[in-house]
Amino acid sequence: MRVALVDSGKLEDIKQWKPPLDSYLSRTLQITASNKVYLENHGLWSQCYADRMQPYDRAVVTDSLGGGVIDLAAFETVESVQSRSSVAYMIETKNFVSGMLKAIDCATGCVVTFERSRARLLVGADGASSYVRKCAGIGTYGSEYLQYGLVATLCLEQLNSTAYQRFLPTGPIAMLPFPGGFANLVWSLDSDHTQLLKSAPEGAFASLVNAAFRLSACEMQYLYNIVRDGASESAITAEADWRLEVFARNNPGISSPKLLPPTIAAITPKSRTSFPLRMRMVDSLIANRIALVGDAGHVMHPLAGQGLNMGLEDVQCLADVLKQAAVAGEDIGSVPVLMRYNKQRYVRNLAMQGIVDKTWHIFGSNSRPVVTARSLVMNGLDLFPTVKRFLVSSIMS
Amino acid sequence: MLPCKRALVLSRRLATPCITPRTRRIHSAATAAAATTTAAAAAAAAAAAAAVNARSSVSEAELQKFVKVSQEWWDPQGAFKYLHTMNAPRIRFIRDILADVHRVTGEERDSTKWLAGKSVVDVGCGGGLASESLARLGLKVLGIDAAAENISIARVHNPGLFPQLEYKQTTAEQLVAQKEGAGFDAVVSLEVIEHVTDPVLFCKSLVELAKPGAPLLVSTMNRTLLSLLVDVVLPEYVLRSVPRGTHDHSKFITPRELREIFMSLGAQHLDTRGLILDPLSNQCHLVPADLGVFSNVGIQANYIMAFRKND
């Protein structure tokens, strides 16, 4: 089988990517344990810079309105004790992509080309606004969250290997660990708040992130207001730090089981950037001679970090289907063959998108019954190790 | 044959009027499968008949059945839908038999290197469904059919596999007489033998086309109550997805008869598998002849048999 890779980007540049020594890029990916094993088995994982990825085995999810807490730790699962693996791995997008491109160089029978070519199967892996999907006439539906993902690289006061996520009324905020006391921030906000926080002074931004993980919704609202009024960096920092001090005094025990992330000292200069968040479902993952994988076939909110992982599962499934078809001498681009891929992946992708979308809606609600119910469920789940074990193993795979 | 005829009349009287469009859709898969297999066989038979003026196993009447539906060969939802479904498991089986005969084991089995250049003749190739798949594996395939319509459709549907794939309007008997194509590394004839006038003569030609030691693969339908139901009554009379009269149940050959024919012609039996079609998921499963203590349950309807020409 001959494979040609076509991309509009300058692949050679990405392949030669030299990582910055003093920081991490703010666009990152989360890879689950099972996908990491798949990449490892195919010699792809070893091509990435190993010192720039961070495994994490614990995730703490909290809810700012109802006070619900779930502490998910991988050591509670049987599988992780046996295989000593982690829940997931954090890796910079560029590190991942350049590793994949280097691995393609090592593989035989694969060509990187920009020339006109004809093929029996076109795999559309061209992202959320897929051109392949458009040309194939595959319809999409879904909703705009009217939110943006604000990302930044954080410098912490101590080393950390736990992921923290807090649901705020304005959207979820997550801190994902990187080696050497760095962390990646993913903060979902509406466009007003995104603009506000992107333009806030860098020194004040660190205090605001600390505040977002600790303070109540109305205190955050007050802080946003003074930022909006154009307060100086020192004024915002002083206001936030004073409130954080009061919070620490009033909650002396809360940091002992490490339910709070480490304090952020600073953010990496100019690392803040944002992108719109959407949910897009496709009518089908296939058309005659066309298969969609990854974001071309499903766009979702990054709150669970599952977008790429679903894409990798698409790829595994498609590769398996094509191999079976090739062994039986079938036409790999024909609808009956591709139908097997669609059958296995379409419903699973839809279910995952649905779960993530419902989670977003449930935690985006301010209604008192919903807030009470979600906190009861979260705290209830936290009491049952078996349920948590199930949750963690489903995250891992 | 008496019970069969009675069943047919019965089914015509009882089953036909109460079919709703919905049930028709659901069941049409089964019928269609049966229909396609019949059509393919008929085509092969027709091809055979037309070719030889002297002794031939081709039946002119059978041939005409396939000429009528020849345009639908490559429509995956058309009359040959179930032939498409059955194709992949059959090719996988043929590949496995070839690997066994050539003693290819381990990871090499999944590669195509060992298959490259080996010659196969597909007798009664129809629209070329199986021929194309075999050529895609790297084999050098000659597809022959007595019907010119089938051959021209197979040629037009060219997936760029030439020169690995060649079609010819001829019959097995003619090919043997011409001597040019003799000595194939494998001989394949799928859903054809139930349409020929003289199965023994037909099988004799197949054996003569094979090199000594080469495998022969023949798929057809058993002559049982089940095959009458799923290969004749359902597709032709209930779902009507296959033209009536495509299959003649009395011409079906049992695995035992087929085995005896080939053994008497100097070939040894290698393996027999049943092909069970699931019309709902449109998937076809290759099953062993015996399922546990129930012998021959797997081969009550469609089956495929592998032989090896003696050295």
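Along the chain as shown, the residues are counted starting at 1.
Each residue, glycine too, has its Cβ placed from N, Cα and C.
Where the annotation comes from TrEMBL, it is an automatic prediction and has not been curated.
According to TrEMBL, B:ARG90, B:GLY124, B:LEU190 bind S-adenosyl-L-methionine; the candidate from B:ASP145, B:ASP231, B:ASP248 that the record adds to this site is B:ASP145. Separation of the C-alpha atoms of B:GLU191 (Mg(2+) binding site) and B:ARG90 (S-adenosyl-L-methionine binding site): 11 Å, rounded to the nearest whole number. The binding-site residues recorded for this entry are B:ARG90, B:GLY124, B:ASP145, and the Cα of B:GLY124 lies nearest to that of B:GLU194 (Mg(2+) binding site). Reduced to three states, the DSSP call for B:LEU190 (S-adenosyl-L-methionine binding site) is strand.
Largest Cα-to-Cα span within the S-adenosyl-L-methionine-binding set B:ARG90, B:GLY124, B:ASP145, B:LEU190: 19 Å. In the three-state DSSP classification, B:HIS195 (Mg(2+) binding site) falls within a helix. The Cβ of B:ARG90 (S-adenosyl-L-methionine binding site) lies under 8 Å from the Cβ of B:ALA130, B:LEU190, B:SER219, B:LEU275, B:LEU286, B:ILE304, each on the same chain and at least six residues away in sequence.
Following the DSSP three-state reduction, the secondary structure of B:ASP145 (S-adenosyl-L-methionine binding site) is strand. Ranked by Cβ neighbours within 10 A across all protein chains shown, the binding-site residues B:GLU194, B:HIS195 are led by B:HIS195.
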